[in-house]
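**Student:** OK, TrEMBL features for this one:
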- A:29-309: domain 'UvrD-like helicase ATP-binding' (DOMAIN)
- A:50, A:51, A:52, A:53, A:54, A:55, A:56, A:57: ATP binding site (BINDING)
- A:310-584: domain 'UvrD-like helicase C-terminal' (DOMAIN)
DNA sequence: AGCCCTAAGCTTTTT
DNA sequence: GCTTAGGGCT
């Protein structure tokens, strides 16, 4: 199947290198000396240290074009790896633009994982798999592990499968197969980690499945044990380029080193100061030791920044200077002037959100000597996603348009995974995990007992679950409604399976048919929860996506790796996202809220990884500041609710590390004239760099008394908005059926009340869940 | 088999 | 404080 189509890429070069060489090199004139240096050093190992905003992608894509242009390689002989599909897409389109033509043949420009899938499908048998193996996502992985753990009679309450999954992941990140896990790790998961790891791998092989980590691990194993295969690819991939090298884990690093081992034509681009994925196995060490691994490597530093103003760069540099063991880079810019980084403290998270909301509204018209900013030029970058809610709540009330970037991905949604499971079982009836997922979805009267019977039946006879289920039906091991429905499902599965091979049946139609005839669509149509319409919408979208693929198999192969959540909603909106999600992006104005000890830097990071953890957090701070082009506003609060408990917060250490001369301390207008806030603000305004003084304020008896009082009832700062809302709420407790008004969604009728959340059918905006205090009875509207 | 209640947990996230 | 998963109950 398609694994062989893919290999065509090896054969036909779609672009004649001679034709390319005939053209000039205008793309080189566009580069600064450092970039040009990096682009022109085509042979041998090159490490490109590219600071934030220094034109890294430009250099990388120019390098590809230069390789083609000088005739050193054909498009299909260049291996370029990225971490995300988005980055891969971006590179592809930029290479195309530089060449001035669409290139069909850059088959090896992609993510580590997508490239490994291609390779592994070709060589699957070398690790005991068939080339049509399925790729499990983390959910499948977890369910599988849970089964193993329970089968071993282990209390999965005390030893959560989740923890085991984490351990195995880390081992795979380090390219350790079960027999290669070092003795020092033997204590993992109650001394039985290695044992379960081995079992898990065996089970995956039985299922003809791999998890994400396996894609890399298996390829490393194959390269290590089959010289002929490795040699073949060393010849094919004449030049290797790696983006975001600081994010590679050990397995990826070994994979690269094996492939580059012959010709050593490898160019790694990265920034040690932007390594923020250590917690999921990335090794900054990989970039720090590049010169040792590739002696004679040329190291090029891109330090001229085209993004930010001098103050912003200086602030970022000031913070990152606190890290040990950097490769050392100092960003500079030709840009003049600009605003200092702004720093402001607030009473609590809500106050912070309110201030930022007001500031954004003011910024649209131009404020504090700055130019007007459009909403889509503004981003709020948070450390942890739970910080987002305060902003969403606030922006919803004041009607400020925003978009949240990140969040649950399309293919992680329940309905999408269910639908995919149906497709999986139809395409490969041996997919036990998928069958398990859908056998009783929608409800077919098959409970735990029935499923156990099927499993026993399958295991005892060495059958797959589908076959086992069929046997169980034939042998009348199941009774009543469940048995009849199961028989019907099995019949359907067989029928649909036949249709996948039928050229007359369009696969898009087939997909729709599967969802309809299985009763899955109906299940959501009958569902009265407010999410149901959205889920049906998603299912429709899924089926639409199918059109882009040849058949169901093709779709399933790609979807787990490639389908992402690009929301195409456009328009003027403020972006809200995590700092991690912001890497690689830039915005004219950036807000960085929540710079408090324990939140940012995160307590857990410091507890688990000590100094290393703090350093990674510091890099995150660096990433955050360097996202800003013109205006960067950092804030922290005195009080924050952490897991429901009110806690007094100290400004995080990175606040102190901001170089004073590049910072302007703002005081929110009209607040803190006195009262509780004044203590906190005093510390901020006057003694920013004197932690002792701050500590005194926060530890004073008065402060602690205040804390004690606040624990009973959080004190709200008086504010006009809030008073209005509270008053209205006092006079109108809501009732179902009541006609109400919401500032953003307009008029609607209350459908249901759940605690302080109301489900409202709005006349224009549809059914939404809204917090009660943002809604007023239509009759009470004061105008 | 389905509903309700309690308990635990709880960054960051790609593939 | 909020969500979610699993156990226990009907």
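Every residue gets a Cβ built from N, Cα and C, even glycine.
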**Student:** What average pLDDT is reported by the model for the domain 'UvrD-like helicase C-terminal' (A:310-584)?
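**Tutor:** Value for the domain 'UvrD-like helicase C-terminal' (A:310-584), mean pLDDT as a whole number: 87.
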**Student:** Same chain only, sequence gap of 6 or more: which residues have a CB within under 8 Å of the CB of residue A:55 (ATP binding site)?
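**Tutor:** Looking at Cβ-Cβ distances below 8 Å from residue A:55 (ATP binding site), excluding near sequence neighbours, one finds A:31, A:32, A:35, A:302, A:304, A:306.
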**Student:** Mind telling me which of the binding-site residues A:51, A:53 has the densest Cβ neighbourhood, counting other Cβ atoms within 10 Å?
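**Tutor:** For the binding-site residues A:51, A:53, the Cβ with the most other Cβ atoms within 10 Å is A:51.
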**Student:** Which residue, out of the binding-site residues A:50, A:52, shows the minimum number of other Cβ atoms inside 10 Å of its Cβ in this structure?
**Tutor:** A:52
**Student:** Residues other than A:50, A:51, A:52, A:53, A:54, A:55, A:56, A:57 within 8 Å, Cβ to Cβ centroid, of the ATP site?
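**Tutor:** Close Cβ neighbours, site residues excluded: A:59, A:271, A:302, A:305, A:306.
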**Student:** Taking DSSP three-state, what's residue A:56 (ATP binding site) in: helix, strand or coil?
**Tutor:** helix
**Student:** Is it possible to get the count of other C-beta atoms within 10 angstroms of the C-beta of residue A:57 (ATP binding site)?
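**Tutor:** A count of 16.
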**Student:** Which ones in the same chain are close to residue A:54 (ATP binding site), with CB under 8 Å and 6+ residues apart in sequence?
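**Tutor:** Counting only residues 6 or more apart in sequence, the Cβ neighbours of residue A:54 (ATP binding site) under 8 Å are A:302, A:303, A:304, A:305, A:306, A:331.
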**Student:** Are there any residues at least 6 positions away along the chain from residue A:56 (ATP binding site) with a Cβ closer than 8 Å to its Cβ? List them or say none.
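**Tutor:** Expected: A:48, A:50, A:243, A:269, A:271, A:302.
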**Student:** With H, G and I counted as helix, E and B as strand and the rest as coil, say where DSSP puts residue A:50 (ATP binding site).
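**Tutor:** In three-state terms, residue A:50 (ATP binding site) counts as strand.
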